[in-house]
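Beneath this line is the structure, given in structure tokens, with notes to follow.
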Amino acid sequence: MWGGEAPAGRCRRLLVTTVLLLLLVVTMLLYRLCYSSPGTVVCARAGAGRLHFPHTRRRLPGAIIIGARKAGTRALLEMMNVHPQVMRASREVHFFDRDNNYRRGLDWYRRRMPLSFDDQITVEKSPSYLVTQTVPERVARMNQTIRLLVVVREPVARLISDYAQYLDKGARGGKPRLRLPELVLRPNGSVRAESRLVKISIYHRHVRRWLQHFPSEALLIVDGDRLVREPLPELRRVEKHLRLPPYLNENHFYFNDTKGFYCIANDNGSKCLAESKGRKHPPTDPQLVQKLRRFFAPHNRKFYRLTQKNYSWPET
């Protein structure tokens, strides 16, 4: 009887019971974090970054989301990550666009990738790759058969979203920020084509540079505007491009009325992008918007011809 035991005996029994309960809890958690894959048990991404499960290893990416900045690259990566055969690098590595990182070599790059199984593809995202001159050749040296993804968005909307982030960083850092016209217009009122905000939205120039090093079939253009409105059609194109078995369906996503965009639904609940995503855009002078649209119009038409798709972005 418990009442007749010595204190030391009761303590040992309590300790054993506590340990068994902890083991049971850990086992249940691991079970919830795992899914079945043909011929093996694949443990979830939450643990795969910290524990080395049998038959896993860190691999160089089989696909890279190379841009464009503020066009929906994070949304695409998180939605792709729902697929059980996709393992994504949780942070932007900036291996190919930063010389100090590139000099560290491919082993350094590989160590920043998640653990994965043989039937999974590793995906990295660094949006500045699209616009950095040296990156296409560097990526081609690593792997000429890699799959590339470019997310594009209506150029002026992308530019304004980029400017909103610029303002947000300034507010958090206590730094003064220039008004949008000061950044994108010359004193005579013409568009400043050399402005970083403007240059990123001239998509055809960046894509042409990549096509000097990769065949067109290696590169998929993802419509970022459509990805926000109806993600599934774009994600099915991505599955096909990455040669993944069809998996994603309408049950994996739901529209969040409060946030105004789609969120991810899974067995462990739901996940929406961080508050910084979908941030409210600053008010923009309609005449400035019109001027920027007119500036981008000929560049957009070149992009349509290059990709053989008319995105019908407004020109006035």
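Backbone N, Cα and C define each Cβ position, glycine as well.
What TrEMBL annotates here:
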type: ACT_SITE; residues: K70; note: active site, for sulfotransferase activity
type: BINDING; residues: K70, A71, G72, T73, R74, R153, S161, Y262, K277, G278, R279, K280, H281; note: 3'-phosphoadenylyl sulfate binding site
type: DISULFID; residues: C263-C272; note: disulfide bond
type: DOMAIN; residues: 63-297; note: domain 'Sulfotransferase'
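Sequence features annotated in TrEMBL and their locations in the structure.
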residue : record                                     : Cβ neighbours (10 Å)
K70     : active site, for sulfotransferase activity : 24
G72     : 3'-phosphoadenylyl sulfate binding site    : 28
R74     : 3'-phosphoadenylyl sulfate binding site    : 18
S161    : 3'-phosphoadenylyl sulfate binding site    : 20
C263    : disulfide bond                             : 17
C272    : disulfide bond                             : 16
H281    : 3'-phosphoadenylyl sulfate binding site    : 12
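Each residue in the domain 'Sulfotransferase' (63-297) has a pLDDT score, and their mean in this model is 94. Taking Cα separation as the measure, the residue listed as 'active site, for sulfotransferase activity' is nearest to S161 of the recorded positions S161, C263, C272, H281. DSSP assigns C272 (disulfide bond) to coil in the three-state reduction, outside any helix or strand. Counting only the Cα atoms, the space from H281 (3'-phosphoadenylyl sulfate binding site) to C263 (disulfide bond) is about 20 angstrom. Reported as a whole number, the C-alpha separation between R74 (3'-phosphoadenylyl sulfate binding site) and C272 (disulfide bond) equals 11 Å. A gap of 18 Å separates the Cα atoms of S161 (3'-phosphoadenylyl sulfate binding site) and C272 (disulfide bond). If you measure from the Cα atom of C263 (disulfide bond) to that of G72 (3'-phosphoadenylyl sulfate binding site), you get 13 Å. Rounded to a whole number, the C-alpha distance linking G72 (3'-phosphoadenylyl sulfate binding site) with C272 (disulfide bond) is 13 angstrom.
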